[in-house]
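Encoded as structure tokens, the structure appears first; notes follow it.
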DNA sequence: ATGACGGATTCTATCCGA
């Protein structure tokens, strides 16, 4: 089963690029981020015509996540638990019903910029950086519950985290950014250290592998990228991992997203 | 260099992203 994550930066603007990629890559499941659409405005037909079931968790203008699946989806849940009235649509999960049940979670982790830190080094309450770190703590709690279930499950999406220096072409340019700050990377490690396998690094080592290139300043042509889209696997899912790739080349096509898909193949 | 580029809504301006 081929499962992909793709931050498409606006579903309505990406119909052609997304359907072209779907026809070539033929993923069984796609976790989409930044659909930038309300549920009723999501263009379902191009995907249903290709045999995908569609589940969305959208909001007006920004954010929004969705699942496309050729297999049936059950027990769809929207939003992280204990979200305390979080209005931002950043989490959707469901069970893919195949020969073996697989729990899949799609996430769009907050960017967190600008970084606001007080004199004691604490994130300023109400700021975007504090929101990012609080969201990551809620994610950690959900990740711990998933781990405790001891079943095949994955959490994939735009984590807005550069895990290591090798995951940025110019790490020094990101040193004080919310994507690379020590607090952000530590929060990411607290999740991975619950026992998750970061699929890409389980398969491929070394620098030069990116999933995002800014639209500005010719970042793609200079390969000035960062790797911020990740797939985390429970041990029971990691046992099934046979491949993980980043489809970087589609960044050079017409009207691309600024992110590219990352996908895993699971022997299920 | 509080810039650029691109998508969306508030739409010939502004907000947001990374």
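Cβ coordinates are placed from backbone N, Cα and C, and glycine is handled just like the others.
Together with A:7, A:158, A:160, A:258, A:259, the Mg(2+) site in TrEMBL holds one more listed residue from A:34, A:183, A:198, which is A:34. Taking a C-beta cut-off of under 8 angstroms and a sequence separation of 6 or more, residue A:160 (site 'Transition state stabilizer') has the following same-chain neighbours: A:109, A:110, A:111, A:112, A:132, A:178, A:179, A:228. The Cβ neighbour count for residue A:158 (active site, proton donor/acceptor), using a 10 Å radius over every protein chain in view, is 28. A Cα-Cα distance of 12 Å separates residue A:108 (active site) from residue A:259 (site 'Interaction with DNA substrate'). Within 10 Å of the C-beta of residue A:229 (site 'Important for catalytic activity') there are 26 other C-beta atoms, taking all protein chains into account.
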